Amino acid sequence: MSSAAELSPTPFGRLLTAMVTPFDADGCVDLALAGRLARYLVDEGSDGLVVCGTTGESPTLSWQEQHQLLGVVRQAVGPGVKVLAGTGSNSTAEAIEATTQAAAVGADGALVVVPYYNKPPQEGLEAHFRAIAQAAPELPLMLYNIPGRTGCSLAPATVARLMECPNVVSFKAASGTTDEVTQLRLQCGSKLAVYSGDDGLLLPMLSVGAVGVVSVASHLVGRRLKAMIEAYLNGQGALALSYHEQLQPLFKALFVTTNPIPVKAALELSGWPVGSPRLPLLPLDPVMRDALSNTLTALCQT
């Protein structure tokens, strides 16, 4: 086991589910189903839930819908489960307002994505995150780097400076490379809890110092992901690797097109009527849906 995994804190546990947002037949947020899904995910091994992140379709939810959903999930899972709110925006003022509101609703933390579209320089990113941290000093923050969606990347050196803010405690690494974890470790040491933002890279990232994952696949295989993490942490590398290899077909199937299109289809196929994504996202096309169904069937047999 990596010494980094031993030394780094785990402020939100090790397995967090980036929760989908259920919609009813009219396209409205299905709050009752969201509460049931949240409880199910916890029962299946999630230490915490991320509400209204990328997988939760935050770009097409109003802030009112997001705050309502957060409140319902918070109440559904009770105080023993970590609930993080996606509060990022490319407007610093909006992100501050969303983050302070999330704290008031009862979030245990905020997932704050790098500002998208306007592509700030590193100095602007630092000022943006510092302003959010200072506006909600009691709320732990998880910085979220996903350059494939945002168009810019938060540099490890910038993260190191932001750790002057006591509530900057964690980082979701979704750049698609394990080197991001290594560079964060070199710049920030072991105090920063780095979470993989990619199910397929969870095991490699654990080996270089990540502490866990913000997962999409845990909607479907939470217990297996938890078992893989525990096997790695207990020094059972071969067992962890067997889980990693067993789950690869599902990891790939869930990203055959834009997230959360496939995972919502997978949940529908598994008996959870979470509805289609909101436009401009579309339901999974029939050919991909059939392939996904076959993947799920095969997984049930292993």
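Including glycine, each Cβ sits where the backbone N, Cα and C put it.
According to Swiss-Prot, the site 'Part of a proton relay during catalysis' annotation covers THR54, TYR117, on the basis of sequence analysis. For THR55, VAL214, the entry in Swiss-Prot reads pyruvate binding site, with the evidence type sequence analysis. If you look up Swiss-Prot, you'll see TYR144 marked as active site, proton donor/acceptor, on the strength of sequence analysis. Positions annotated as active site, schiff-base intermediate with substrate by Swiss-Prot: LYS172.
Distribution of Swiss-Prot features across the structure.
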residue : record                                               : CB count, 10 Å
THR54   : site 'Part of a proton relay during catalysis'       : 24
THR55   : pyruvate binding site                                : 23
TYR117  : site 'Part of a proton relay during catalysis'       : 9
TYR144  : active site, proton donor/acceptor                   : 26
LYS172  : active site, schiff-base intermediate with substrate : 27
VAL214  : pyruvate binding site                                : 30
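Across the fold, the C-alpha of THR55 (pyruvate binding site) and the C-alpha of the residue listed as 'active site, proton donor/acceptor' stand 13 Å from each other.
If you take the Cα of TYR144 (active site, proton donor/acceptor) and the Cα of VAL214 (pyruvate binding site), they are about 10 angstrom apart, rounded to a whole number.
Taking the Cα atom of each, LYS172 (active site, schiff-base intermediate with substrate) and THR54 (site 'Part of a proton relay during catalysis') are about 12 angstrom apart. Between the CA atoms of TYR117 (site 'Part of a proton relay during catalysis') and THR54 (site 'Part of a proton relay during catalysis') there is a gap of 15 Å. When the Cα atoms are compared, THR54 (site 'Part of a proton relay during catalysis') and VAL214 (pyruvate binding site) turn out to be 11 Å apart. The DSSP secondary structure for THR54 (site 'Part of a proton relay during catalysis') is coil.
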